[in-house]
Structures are given as C-alpha cells and as structure tokens.
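Comments concern the structure below.
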Amino acid sequence: MSSMLLLSLLPLLPRQAIDLDGPTIPPPSGSVSNFDSPPNGNHIAIPIIILCAVISAISYSIRIYAKYVMKKVNTSDYLAVIAFPLYWVYIYYSYRLSETSGYLVHEWDIRLKDISAFSYICWLATLLYLWIIALVKCAIMLEWTRIFAPEGTNTYLSWSWYATGAAISLLSTIIFIMDLVNCTPFSGNWDVLVAGRHCRFSVPAFGLASSIVNLTLEIIPLVLVQKVIWGLHMSWKKKLGWLRCKYRQIILRNPILRLK
C-alpha cells in the first residue's frame, strides 16, 4: 500500500486508534524508525539555499544598478521588483523546512504528529513558487520580445511570446486556486489528521502534470527563437553558448528535470 493511500485513510480512523507518536508510515522490513536524529539532506539543502540566495542577490543588485545607470526601466523590471521580495519569503520557508523533519527524510523517520508542520511549509512554499515562477517567466518573455522582436519587427515572435506569457500566468492562477480548494476542510490541504478530510485530486499526480505543462511552455519560446538566433551575425560558438545558457535556465526552473 502506498504512503499516500495510507495517509488518506487516517481521517477515517477513530482518533484513539491513531498513534500520533508513531511513524507516518510503517518502516520497511529490516528498518527501524529514527525520530530523534533521522538522517537527512540538510547538509546538502542549506548550502544550496544560501548559494542561490547570494547569487540571486548579487545578480539582482547588478541589474538594478545597470537600470539606474541607463535610466531606463521596462515592464519586465517591474515584474522583477514584485517577484524578488516574494523570492526571499520563499527562501525563508525553504530554510524553515530544515528546522522541521528536514530535507530528504524517510517518512518512517517522521512522527505522525509532526507531518502537518512539515506539510504546511511545503504547501506555503508551493503557493509562493507559483507566483514567483510566473512573474519571472513573464519577465523573460517580455525581455526576449524587447531584444529579439522590437516594435514593428518579427510580429509572429512577439505575439507567440505574449501568448506564452499569458498561458503561463493562466496556468499558475489555475494551479494556485486548485491548491487552495483541493481539500476540505481548508486545513486539510496540509493536515492529514483533520477530521472529515477530503481531497479532490492527488497532489503528486497533479504536480507531475503541471511540471510537464510548464516544461512545454519553456520549450515553445526556445524553439520559436531559433530562426532569430541562427540569423544573428555572430560565431556559431556564441550561438551554441546562448542555447546552453537557456537550457540551463530550463533545468533550474523545472524540478521534474532536476530529479532526472
């Protein structure tokens, strides 16, 4: 029986039949639950979080300084101004997750009574991620339009990027709403023990589907811009370098590819 199925059955059991101090799921044969000091991946996650925070802060500062010197601000810059504070809230919750059960912890090493605190932070971080990634992607689409399809040229490119940005915004809004209304009562979105909990769809399956759609929306504009890139008056090495840069951006923004 899968762990998700086991957790979904908990609200149906009498409260006194649930061992809150026991593991979230039974440990596999030959394993013993370790609640006090479970092995985790905090030593990997925390340095990565700090590194990402430092790099993004430096990059954003350079961007702001460049805009100050040039005294020219575009719509994409306003989107970045909105996204950056949300990003720091996301960083905060990413760090907070290490103070719960931690990263990369087996479910049988987490007490059942502690899983809700862990899930609550994950749920909040997911909601923040949806808005951050939508703002960043739309900013990139607008920036590409400004660079590769200035007003009066390459109309098909500009409209395709506008359409992609609109699709990204719509998708993020839909997923955001579905994350809010998935479970009843409302606290059931993160608390598997709440009485009468009922969820309308499987979170892992929905997450996989949304990742695939997001990946598709990443690839479309990259394909559309090929004609412009290969028509630029630069060496083929520089063109390949630009493509590698865009590919890395796609990998970093799509967890489904990072897992692979």
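Note that Cβ sites are derived from N, Cα and C of the backbone, with glycine treated the same way.
Noted in TrEMBL for the protein shown:
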type	residues	note
SIGNAL	1-19	signal peptide
TRANSMEM	44-66	transmembrane segment
DOMAIN	62-241	domain 'Rhodopsin'
TRANSMEM	78-95	transmembrane segment
TRANSMEM	115-140	transmembrane segment
TRANSMEM	161-181	transmembrane segment
TRANSMEM	201-225	transmembrane segment
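Here the transmembrane segment (78-95) has Cβ contacts under 8 Å with residues 45-46, 49, 52-53, 56, 60, 63, 121, 124-125, 128-129, 131-132, 135-136, 138-139, 142 of the same chain, all six or more residues outside its ends. The stretches the transmembrane segment (115-140) and the transmembrane segment (44-66) do not meet in space: the count of Cβ pairs below 8 angstroms, excluding pairs fewer than 6 apart in sequence, stays at fewer than three.
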